[in-house]
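According to TrEMBL, the domain 'Major facilitator superfamily (MFS) profile' annotation covers 20-451. Annotation comment: TrEMBL describes 58-79, 91-112, 118-136, 148-171, 177-194, 229-255, 267-286, 298-317, 323-341, 361-380, 428-447 as transmembrane segment.
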Amino acid sequence: MAADYAVEGQPGRRAGRTRLVLVLLAASILNFADRSVFSVLAQTIKVDLRLSDLELGLLQGLMFALLYAIAGLPIGMLAERMRRTRLIAGALVLWSLATAATGLATGFMQLAAARLGLGLGLAGFTPAAASLVADVSVRTRRASTMAVVQLGSPAGAFFGSTIAGLVAAAYDWRTAFLAFAVPGFVVAALLLWLTPEPERGQQDAGAASQSTAPSLGEFFRTVAGQPTLMWVIAGGAIAGFGMTSVSNFLAVFLARSYGLAVGEAGALFGTVSGVGLATGLLLGSFGTDRLAGKDPRWPAWGAAIGLSLAPPIYWFAFSVPPLPVAIATLLVGGAMLLVFYGPTSGMIQNLLPARMRATGIALYTLLFTLIGSGLGPVFVGGLSDAMATRAYAGAFPVDCPKGLAVEGAAPDIVAACAAASAQGLQMALAVAVSMLFVSAACFLMAARGLKPQAE
């Protein structure tokens, strides 16, 4: 157990930490790949099952986020009390089954049930993974070590989107979901086989002696007594609104605004997500970790800077410039947006004692999910439908029910429906990313409290 992992200032083996981080990275890749499959195939699913943008938003947002959010805090507390490696393995199996169920769905209600199951399974990963990383990483390297695991976000988005688009183009969207269900069972087995449970708090002086997990009341009293921590959590949760709004509808935006087929949209979405998000994640995590040695406020400052730069960059991209320009702009916008991601987890871990870290990440994940995944896609989907109705010259609900021209409609009606749907989504996305300014303000408030606590 503890002997398998190197401890700062004590002899130990680094191989155990490396193995744990790599297996968690594999699980993280699947975590985000299984989410991305739906995003890149959303337009195809919409056409096949005749869904509205609001229904797409509900499936990608509230239906996914509901159990993810509700289960997050209890699962975080469970992670303080049981072997975290077993918890993550069980979560992998559950979300893989839900991914397969999505491919078998034939209507909105069945899709909703599968998305609820996916959310429940995915809720078991982040709190336990963050707690494990904290127990094998010294305080000054937690954000950068967690960033390696969080590289699963852009990597999963890239592989999930690209491969799903190719499989759907060659076969159909259902086959893509079934194919992505298989690897989760393999990684679950590797996690149980290769990664022993590290001792809690072994990297924190005196923390390992805290053998019992605190009550939920103790946890909330600790959080309430740290305004800095509350600003960090609020900033990250609000950033999630803009982040999930873009990620869930970006492939749809590319398909509608540029007339791309599912394979092309998937490949471009994967490239934008993978390269842009990885750049921002690494820049934010490793960059602010290095600068924090000079001033502990840099993790919050770095997040605020990136979140302030992202909206105007996205506004330009959503104005539909030539496709190569749009892709380059979306890459830069994604990088700026993701600067907040690594530092946020690192700050939460550093501001909480060892036995509260999984619960702290669970609380953050709950709010991130409710505000981001729960509200963001639903907001964009509903606003997109409303804006498309305004952009259409005629009776949009009659000519273009759920944003799609009725079968047998004249070519000019088909083109007008498509143009209105594209314009509505462009405007909705531009409004959604404006929330990033609010998030930046929260991180600036958090920065005010970081220096006194570090001194």
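We count from 1, first residue shown onward.
Positions of Cβ are set from backbone N, Cα and C atoms, glycine also.
Predicted automatically and left uncurated, TrEMBL annotations should be read as such.
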Check for me, if you would, whether the transmembrane segment (323-341) reaches the transmembrane segment (177-194) - at least 3 Cβ pairs under 8 Å, residues 6 or more apart in sequence.
no
Candidates 91-112, 229-255, 361-380, 428-447; stretch with most C-beta pairs under 8 Å toward the transmembrane segment (177-194):
91-112
Which stretch from 91-112, 298-317, 361-380 shares the most C-beta pairs under 8 Å with the transmembrane segment (428-447)?
298-317
Need a quick answer: max count of Cβ pairs under 8 Å to the transmembrane segment (229-255), which of 58-79, 118-136, 148-171, 298-317, 361-380 is it?
361-380
Same chain only, please: residues at least 6 beyond the ends of the transmembrane segment (148-171) with a C-beta under 8 Å from a C-beta of the stretch. Say none if there are none.
21, 24-37, 39-41, 44, 129, 133, 179-180, 247, 251, 261-267, 269-271, 273-278, 281-282, 285, 338, 341-342, 345
Given the transmembrane segment (361-380), which of the listed stretches 58-79, 118-136, 298-317 has the most Cβ pairs that are under 8 Å apart from it?
58-79
Who are the chain neighbours of the transmembrane segment (298-317) in space, where the CB to CB distance is under 8 Å and they lie at least 6 residues beyond its ends?
143, 232, 235, 239, 242, 246, 280, 283-284, 287-289, 291-292, 326, 329-330, 332-333, 335-340, 343-344, 346-347, 429-430, 433-434, 436-437, 439-441, 443-444, 446-447, 450
Across the whole of the domain 'Major facilitator superfamily (MFS) profile' (20-451), what does the mean pLDDT come to? Round it, please.
88
Which residues of the chain, 6 or more past the ends of the transmembrane segment (118-136), have a CB below 8 A from one of its CBs?
5-6, 16-17, 20-21, 24, 27-28, 31, 34-35, 63-69, 71-72, 75-76, 79-80, 84-85, 87-88, 90-99, 102, 142, 145-146, 149, 198-203, 345, 349, 354, 357-359, 361-362, 365, 369
